[in-house]
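Some features that Swiss-Prot has for this protein:
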| type | residues | note |
| --- | --- | --- |
| DOMAIN | 1-236 | domain 'ABC transporter' |
| BINDING | G38, A39, S40, G41, S42, G43, K44, S45 | ATP binding site |
Amino acid sequence: MTGDDFAVALDKIRLRLGTQNFDLDCTFPQGQVTAVVGASGSGKSTLLNLVAGFEVPDFGRVVIHGQDMAASDPSERPVSSIFQDNNLFAHLDIFTNVALGVSPGLKLRAEDRQRIEVALARVGLAGFDKRLPGTLSGGERQRAALARALVRQKPVMLLDEPFAALDPGLRAGMTALLLDLHAETKNTVIIVTHHPDDIKKLAQRVVFLDRGRVVYAGSTADFFATQNVKAVDSFLNG
């Protein structure tokens, strides 16, 4: 493996959480969208947590842009995360929620404020600065979370089923927005999803997990043509 080939690598990772063992060895190409897929409990969120630094492997390395992350706290890693519940602070307006992505202490320069306004406009939330999260729809809250990730300007974005709570119309809108933003930023996106349509529309590659192990890692086209892998067949055909 060379740093030119991938943005993120889980290099011979071993981790035990409770009674479950995880053995993860896979890479995520620079500038591509990779879908992480598998049944409930297969290790999808654990994989993201390892990349983000919320879980520490018992053995092996997490490598991001050629750097071993062993000594890097989550706040020091070049990643932004978006979760299903969007993690917005209910008592803070949307501008302030997004501003936390720039400065946790809210020490903002004029250029920081401009960057926040640009991000809000880019996700379709211009004029929402003073609104509280509770006054927004589910799709609007996810757009605010995406704006917060954008202002962090990190090269790797982790998304843990960010559209799961949205209806089909909102899902389609968020999918289109994510594609547009990826075309602009060229960042590396790792998205956990259980929707085959999301995989087809968003991802160039797929990593499929089964009981804590990688059983497929390759192109999206080849994934949907995979045969004789029971876990993949169950996912694709119910």
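Cβ atoms are placed via backbone N, Cα and C, with glycine included.
The structure displayed is predicted, hence computed values, not measured ones.
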Cβ-centroid neighbourhood (8 Å) of the ATP site, G38, A39, S40, G41, S42, G43, K44, S45 excluded: T46, L209
Other CB atoms, at most 10 A from the CB of K44 (ATP binding site): 24
Reported mean pLDDT - the domain 'ABC transporter' (1-236): 89
Least surrounded among the binding-site residues, given as G38, G41, G43, when other CB atoms within 10 Å are counted: G41
Residue, out of the binding-site residues S40, S42, S45, whose Cβ gathers the largest set of other Cβ atoms within 10 Å: S42
Cβ contacts of A39 (ATP binding site) (under 8 Å, same chain, 6 or more positions away): D210, A231, S234, F235
